[in-house]
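Per TrEMBL, these features apply:
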| type | residues | note |
| --- | --- | --- |
| TRANSMEM | 20-44 | transmembrane segment |
| TRANSMEM | 64-88 | transmembrane segment |
| TRANSMEM | 117-137 | transmembrane segment |
| TRANSMEM | 157-175 | transmembrane segment |
Amino acid sequence: MSISEHEIIKNDAVLKIARVIIIFAQWVTIFAGIAIVLAIPFLFIFSGPMLEGLAEVFVNKPDILLISAIAGFMAAGVFTLILAYFFIQRLRMIVESVSEGDPFIPVNAVRLRGMGLAILAIQALSFFGQFIFAGVIAAYGGVQASADVDFEINAEIPLQGILLGLLLIVLARVFDHGAAMRSDLEGTV
């Protein structure tokens, strides 16, 4: 690749916009994770007032186990954010390799595979988390009819996320193959 082609790629508007969005997403993910981690202890510190408020929502009287379940859901949310950060960081590294003019390298295949697995893990957490959430609500007798609360349980298989994860894993194989072909070509020249 010539210097001018490299400069065109490096100054590509789409790549610049992608970098800004990706960096913003990384910071949002970090701050959201920190906020949730910092909020978890307050669930237990202020469990009395929280249980009073939750008593107006659930049919059966809530107890500290409900607070623990909420903390568990928050911890699962933090884990999901960690997976999202993992995904976003790999995306950022791929964008950087594209801007350097060398995207078909073996490490990008590893990055894509990791991104695909992260998406599949997020989908699994979301899917099974909904059943656990429904079980917690059922354990407390459900929501009172008079409560102005809407808990929506969507127990559909997250097909779009699964397909995205599989697409990334297949694309990783394409990158593996492309990198191997390039290596063979460089070896013959």
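Using the three backbone atoms N, Cα and C, a Cβ is placed for every residue, glycine included.
Residues 50, 64, 67, 70-71, 74-75, 77-78, 81-82, 84-85, 88-89, 91-92, 95 of the same chain lie 6+ residues outside the transmembrane segment (20-44) yet bring a C-beta within less than 8 angstroms of a C-beta in it. Using a Cβ-Cβ cut-off under 8 Å and counting only residues 6 or more beyond its ends in the same chain, the transmembrane segment (157-175) has close neighbours at 104-106, 108-113, 115-120, 122-123, 126-127.
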